Amino acid sequence: MGTLSHAIIPKLALPRRDSQRSYHGLPRLNSRPLRWNANRDAKKIRVSAGTAKRSPPIDFSDPDWKAKFQEDFETRFNIPHITDIFHDAVPIPSTFCLKMRTPVTEDFAGGYPSDEEWHGYINKNDRVLLKVIHYSSPTSAGAECIDPDCSWVEQWVHRAGPREKIYFRPEEVKAAIVTCGGLCPGLNDVIRQIVITLEIYGVKKIVGIPFGYRGFSDKELTEMPLSRKVVQNVHLSGGSLLGVSRGGPGISEIVDSLEERGINMLFVLGGNGTHAGANAIHNECRKRRIRVAVVGVPKTIDNDILLMDKTFGFDTAVEEAQRAINSAYIEAHSAYHGVGIVKLMGRSSGFIAMHASLASGQIDICLIPEVSFNLHGPHGVLSHLKYLIETKGSAVICVAEGAGQSFLQKTNAKDASGNVVFGDFGVHIQQEIKKCFKEIDVPVDVKYIDPTYMIRACRANASDGILCTVLGQNAVHGAFAGYSGITVGICNTHYVYLPIPEVISYPRLVDPNSRMWHRCLTSTGQPDFI
């Protein structure tokens, strides 16, 4: 078995979203071509850690195509359960009940503290509607249609929450938590809630795996015992109590370690690549017939996970970005012909740059990876910047880190997770601005601010704190309910369980035809730079 980075490569293919229409219910998600232009979709690359099978393109001439689409959708979004492998697994009454708080003893001599009269459980057949807008035309802003007529087809996903029956006895559970990838506001909040909820179920053995997947193989790294007392105040600071790292050992080695440690619940906090690894671990456990629940919690500050309203850390990032934007604004407006440049996170998705620009109201130009632009020429960024200097005397530019990579020399270098190492477009546009204005003999004062690591290290704000709390709790509920190979997220304001393969195909991208991007353009007043 290769290293973990091999399990998540090929890394995510990034289809550009310039001037496209989506003609299926789940844009850039489905494991097989659903659009009428099937040849184009078939070229897209999926992360191979999933188990989803390809289906033939939809035949819209078939009068039963809607029913067949729904049937296929339900099959793909059916979340894996331990009874799929262990057919004789017997459910027991849940130990999670907030109506009767009888203390749980060490040996559970008095039985489990359950109360069948409590109506706080989620029925396993509860569903959440994935799409709530019925677009009447493919030309509607942000339209996501299944067929050319924009037919309405209901698509339901599993509702998250505690079940009345569970498939793990708390006294037999050893749960582990691991945080992978880069730092993100809210990591400690999620860790804390997972630990607290596990203890409410009655789990006594909870450990943290240090420094990501690396902690499963590095003999110098020992697991960290966790309890409510240990995590009580960790959410008051940023970073991760457990530490983070990219890459790691092979999947086989990780599963070997799970067996040796006696771990039967694994909670994985990370982004697309980390989730691909979690799904590979889940599949290997099923292959070996090991009774382990693997549950992911999506962690990406870029907000680029498919199907979800947002991921934790995003709101904090947008809020903290305001400080950098305001500093750039003050610098620019305090200087003669001042230009402030702020580079924000967003390798393939420009959500932070877009939302931060909208929130601040101080941005004149917002550049994101999803929208092509020219620097030079009569309609380029520099031409518009000249106009801003002439009319306003100053300007503020916000760029996402993945924007403008076509202007930079490619190195083909990759980090431990298999991500391509990007060039710094913020520095590039700073140099181009200076060069451009020097050629026309116009003085310009350019200030460049990159607050990336300051933002990543922040403590989660109130909004993210609530999101992290609910995600952490629901991750535990999902594991005890017997689900594995799933991730938890918020969809249309409700919390849901989704099969990992359906959310890691590629990053969620800003739709240039969406109302939110149009709102950003209205706010900045920028033209199309093409």
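Placed from the backbone N, Cα and C atoms, the Cβ positions cover glycine too.
When Cβ atoms from all protein chains are considered, those within 10 Å of Asp302 (active site, proton acceptor) total 27, not counting its own. According to TrEMBL, the active site, proton acceptor annotation covers Asp302.
What TrEMBL lists as ATP binding site is Gly182, Arg246, Gly247, Gly271, Asn272, Gly273, Thr274.
As annotated by TrEMBL, Mg(2+) binding site applies to Asn272. For Asn272 (ATP binding site), other Cβ atoms within 10 Å of its Cβ number 28.
In the shown protein chains, 28 other C-beta atoms lie within 10 A of the C-beta of Thr300 (substrate binding site). The substrate binding site annotation in TrEMBL covers Thr300, Ile301, Asp302, Met345, Gly346, Arg347, Glu401, Tyr453, Met454, Ile455, Arg456.
The domain 'Phosphofructokinase' annotation in TrEMBL covers 175-477.
Other C-beta atoms found within 10 angstroms of the C-beta of Gly273 (ATP binding site) number 27, with every protein chain shown included. TrEMBL lists Gly273 with the feature site 'Important for substrate specificity'.
The Cα of Asn272 (ATP binding site) lies closest to that of Thr300, out of the binding-site residues Thr300, Glu401, Met454. Taking a C-beta cut-off of under 8 Å and a sequence gap of six or more, Met454 (substrate binding site) has these contacts in its own chain: Glu320, Ala324. Counting only the Cα atoms, the space from Gly247 (ATP binding site) to Gly346 (substrate binding site) is about 20 angstrom. Computed over the domain 'Phosphofructokinase' (175-477), the whole-number mean pLDDT of the model equals 95. Its own atom aside, the Cβ of Arg246 (ATP binding site) has 21 Cβ atoms within 10 angstroms in the protein chains shown. On the backbone, the CA of Thr300 (substrate binding site) and the CA of Arg246 (ATP binding site) stand 14 Å apart. Comparing Cα positions, Glu401 (substrate binding site) lies closest to Asp302 out of the recorded positions Arg246, Gly271, Gly273, Asp302.
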